[in-house]
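Student: Pasting a structure below so you can have a look.
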Amino acid sequence: MVSQTVSVAVTGGTGQIAYSFLFSLAHGDVFGLDCGIDLRIYDIPGTERALSGVRMELDDGAFPLLQRVQVTTSLHDAFDGIDAAFLIGSVPRGPGMERRDLLKKNGEIVATQGKALNTTAKRDAKIFVVGNPVNTNCWIAMNHAPRLLRKNFHAMLRLDQNRMHSMLSHRAEVPLSAVSQVVVWGNHSAKQVPDFTQALINDRPIAETIADRDWLENIMVPSVQSRGSAVIEARGKSSAASAARALAEAARSIYQPKEGEWFSSGVCSDHNPYGLPEDLIFGFPCRMLATGEYEVIPGLPWDAFIRGKMQISLDEILQEKASVSL
């Protein structure tokens with residue numbers, strides 16, 4: 001039985017990530033099995049026919065939680081009174097593309113979306129940004145939507161966390177459930193910081209199971225950092241199904257939190273407990289509180305290796321921010 005209904009917008013509705021994500025959303029993976037969904041699916045003008053096909057498939061899926069499905073090429077209609085938005089629509093990264101190319105193209109897209117959110121969405125709407133460069137895109141959207149709460153903007157680092165989680169599980173030869181406190185700091189890029197020093201395996205420090213520090217620093221970390229490029233090289237397209245799953249999990253951690261769960265998210269750095277510059281979107285380890293709000297987990301130590309990587313990632317985010325004219 002549906003106990004409440006949330007209004008949700010998904011952009012890039014005819015794209016590969018959205019195609020996978022929409023069915024997970026409709027199934028209840030994000031908001032729960034008792035939460036109805038008033039779903040608005042947006043894509044750019046010219047995609048009307050493809051949007052109608054997406055709607056047909058959702059109708060044919062006979063999802064009990066879908067209270068309404070609207071497809072639209074109007075951002076105003078998509079964002080009107082929403083509780084949550086998943087900003088998936090963007091130019092995907094292809095072989096040989098540089099981050100600066102993506103920043104120019106996708107920055108314009110999210111600026112327009114931010115302005116539309118500012119005029120139509122609920123003030124406390126939660127905004128999840130996916131398109132790359134995701135930290136800076138999220139920052140652009142946030143700054144074009146000053147009416148909305150800055151703390152509710154999230155850049156997706158969950159795919160990086162999942163990649164690291166899987167690699168540690170394989171290396172330790174333990175189930176995924178045995179690995180916890182997997183943390184990714186900083187920018188979602190090749191300069192992200194997969195912080196293995198916080199991880200636990202069977203609730204014990206990781207070094208007790210994976211004693212090979214050289215593997216952690218020089219194999220695992222670069223592998224996580226470059227995994228997106230490896231996927232593009234292998235399949236000729238950027239990650240889609242795994243990105244959709246990561247997005248659903250990222251939102252689930254907020255809407256259906258598990259007690260004690262840590263999750264990585266790119267959030268506003270204002271008043272952060274690590275003394276990092278404010279007015280950035282920076283990847284932090286987070287956890288949910290009983291109040292329904294998240295907090296950046298304070299007091300985690302950085303060893304020399306992690307501290308050095310953190311500075312590199314911070315510098316990249318600052319450089320990207322400096323290249324943007326709001």
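Placed from the backbone N, Cα and C atoms, the Cβ positions cover glycine too.
Swiss-Prot lists Gly12, Gly13, Thr14, Gly15, Gln16, Ile17, Ala18, Asn106, Gln113, Val130, Gly131, Asn132 with the feature NAD(+) binding site, giving sequence analysis as the kind of evidence. Swiss-Prot lists Arg93, Arg99, Asn132, Arg163 with the feature substrate binding site, giving sequence analysis as the kind of evidence. Residues or ranges marked as active site, proton acceptor by Swiss-Prot on the basis of sequence analysis: His188.
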Student: Take the C-alpha atoms of Arg163 (substrate binding site) and Thr14 (NAD(+) binding site) and report the distance between them in angstrom, rounded.
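Tutor: So the Cα of Thr14 (NAD(+) binding site) lies 25 Å away from that of Arg163 (substrate binding site).
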Student: Among Arg163, His188, all listed as recorded positions, which has the most CB atoms within 10 Å of its CB?
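Tutor: By the 10 Å Cβ neighbour count, His188 comes out on top.
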Student: Cα of Asn132 (substrate binding site) to Cα of the residue listed as 'active site, proton acceptor': how many Å, rounded?
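Tutor: With the alpha carbons as reference points, the distance is 8 Å.
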Student: Would you mind reading off the Cα separation of Gly131 (NAD(+) binding site) from His188 (active site, proton acceptor), to the nearest angstrom?
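Tutor: Distance (Cα to Cα, whole Å): 10 Å.
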Student: In the structure shown, which of the binding-site residues Gly12, Gly131 has the fewest other Cβ atoms within 10 Å?
Tutor: Gly12
Student: Whole-number Å distance between the CA of Ala18 (NAD(+) binding site) and the CA of the residue listed as 'active site, proton acceptor'?
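Tutor: Roughly 19 Å, rounded to the nearest whole number.
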Student: For the NAD(+) binding site, please report the maximum Cα-Cα distance among Gly12, Gly13, Thr14, Gly15, Gln16, Ile17, Ala18, Asn106, Gln113, Val130, Gly131, Asn132 in Å.
Tutor: 20
Student: Far apart in sequence but close in space: which same-chain residues, 6 or more away, have a Cβ under 8 Å from Gln16 (NAD(+) binding site)?
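Tutor: Set apart from Gln16 (NAD(+) binding site) by at least 6 residues yet with Cβ under 8 Å, we have Pro92, Lys237, Ala240, Ala241.
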Student: List every residue in the same chain as Arg99 (substrate binding site), at least 6 positions away in sequence, whose Cβ is under 8 Å from its Cβ.
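Tutor: Once residues fewer than 6 apart are set aside, Arg99 (substrate binding site) is near Asn132, Pro133, Ser189, Glu320.
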